[in-house]
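What follows is a short report on a single structure.
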Amino acid sequence: MLAPALLKRRALDLGRHHWLFLVVFVAGAGLRAAAWLAYPPALLYGDSFRYLDNVGVHNPTGLHPIGYDLFILDPLLAVGGLGLVSFLQHVAGLACGVALYALAKRLGVRRNWLAALAAAPVLLDAYEVQIEQMIMSDVWFQVILVGILWLLLGKRGGQPPVWAVAVAGLLFGIAVVFRMVALPLALPAVLFLLIAGGVWRRWRTWAAWRTILPRIAALVLPLLIVVVGYGTYYASWAGHFALSPSTGNVLYARGAVVADCDTLELPERLRPACPPEPLDERLGSDVYAHIGADEEWRNQWPEGTNIVKIQQDFGRAVIKQQPVDVALAVLNDFLKGFRGWRIDTPGDVSVERWHFQPTYQFYNHEEKSREYSVRFSGEEPESRPTLGTALRWYQLFGGFMPGHLLGAAALVALAAGLGITRRVRASGIRAATLLPVGLALVSLGGAAAFEFSWRYQLPGLTLLPLAGVLGITAFLKHRRASDDTRNDDTGSGTGGDRAKPDPGPTPDADTRARGGDEDAVVAGAPGAHGTGDAEPAGEDPPGRHASSPVG
């Protein structure tokens, strides 16, 4: 047990060296305390009722997967109310900020102010704080993503161990059970495992594949076990294997917005699915995604018609016959998240849904909100207008991360990951930079394939600042002599256990650095993020310019 004097000295050292992050953290904690006190016990959005209705039931055939109600609501509501859920969601948001800052430092971001920038958006963004106050799954999805980053990037001076990769694969599977958009997120992780440590440069050798294949298998197998298990559980309820019934909603919503019904070749059974609005007056994707619940709309078909199949077939017909229109609509929705201001465009889910209000926001469900609040917390919703007004002013007048800065962070990270300069190629963190930006872009792209909503931009808020900070660090780092780099933060290590920069992509350079031991290089002796032994400053190994810049 540490003596009080030692604890005091360490606390003073922490405050002296990391004071800027501590200021940001305290500000973020203050925002969350204000939100928790302003709208007790929690804000209830339309999706919140679906989650709460599924507590203890865990029916997978609903609009949302069961991860949130199974892993979060069930255990927490067994010991507390909605106020406990919202409180722990705020704690989870703060934990994400701490983890991002610590990971940035671990990956060699030596400037503390720069590392603080990786955590500041998730700690200080008012939209993040507002959604944490809701009974919604979003913050837990962010927690899972940050956990995956730590598992794959956090090991000091080495590639991620197989056990860490396997746990990351398990977390990917759990992420799918929270949000279906997580399903393709394993792709950038697989890419990272292929290039981490530079083993990909020897892809023609069996020794390289002995390193690559176990890592990929360790990631993919746990993911498949969870996904197949969930699909089997779904089949026990629905009678057929699937992961979600929302495929029809998504396809129809995306197709209905752009469908040119005058030129589409459709069978008669799909004709009623064409929206009655003129093409230039179409409603938003969110409206068409939920139109299946409209009895009048459903009555266009004979009783017993499989409406989900109608929606799926209509959406696929539009995608097949108007692929360019659909692709442009998805691209447009993807780019909306990188605007400087949080504004609405025609058809968007209104940004007002994610604004703090002076009083408790009932979202047109006042009676239902009161009923559920009493049922699960024993108290009715309350408001503290002074706090609510202060939060609203903070949010509307700059208390958020501008989208164009997130876009700039993504571009910097991609440029660094691709190694566009000699200095970046010598940084040793290129693979580590590509992982968070890849996860962010795939997540945002998957959400845009459905619809645009500011709510769906939160993974970018979590991942892109870290990616940008790592990219900036890669551009700022300079190659030193090998004796100097042993004492520098150029890899994933910190303190006395610091990784060394990547020697470059050429096999013979790696071999010379290791004294001819090629197997040591292939077996993953360098760091997980492209680490290895240093070379003289300003020099590239022979053949480096002819090789791929990734790794």
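Glycine residues also receive a Cβ, built from the backbone N, Cα and C atoms like all the rest.
Here is what TrEMBL records for this protein:
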type	residues	note
TRANSMEM	20-39	transmembrane segment
TRANSMEM	76-101	transmembrane segment
TRANSMEM	113-129	transmembrane segment
TRANSMEM	135-153	transmembrane segment
TRANSMEM	160-178	transmembrane segment
TRANSMEM	184-200	transmembrane segment
TRANSMEM	212-235	transmembrane segment
TRANSMEM	393-420	transmembrane segment
TRANSMEM	432-450	transmembrane segment
TRANSMEM	456-476	transmembrane segment
REGION	480-551	region 'Disordered'
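Across the candidate stretches 160-178, 212-235, 432-450, the maximum count of CB pairs under 8 A to the transmembrane segment (135-153) is reached by 160-178. When each of 184-200, 212-235, 393-420 is scored by its Cβ pairs under 8 Å to the transmembrane segment (456-476), the top-ranked stretch turns out to be 393-420. Only sequence-distant pairs (6 or more apart) were considered; of these, fewer than three Cβ pairs between the transmembrane segment (212-235) and the transmembrane segment (20-39) are under 8 A, so the stretches are not in contact. Residues 18, 21, 24-25, 28-29, 32-33, 35-36, 40-44, 55, 115-116, 118-120, 122-123, 128-129, 132-135, 139-140, 142-143, 146-147, 150, 373, 376-379, 462, 465-466 of the same chain lie 6+ residues outside the transmembrane segment (76-101) yet bring a C-beta within less than 8 angstroms of a C-beta in it. Through the fold, the transmembrane segment (393-420) approaches residues 31, 121, 124-127, 130, 336-342, 355-356, 427, 429-431, 433-434, 436-437, 440-441, 457, 460-461, 464-465, 467-472, 474-475, 549-551 of its own chain, all at least 6 residues removed from its boundaries and within a Cβ separation under 8 Å.
Sequence-distant contacts of the transmembrane segment (20-39) (same chain, six or more residues past either end, CB-CB distance under 8 Å): 14, 83, 86-87, 90, 93-94, 97-98, 101, 112-113, 115-116, 119-120, 123-124, 126, 129-130, 132-133, 356, 360-361, 381-384, 387-388, 390-391, 394.
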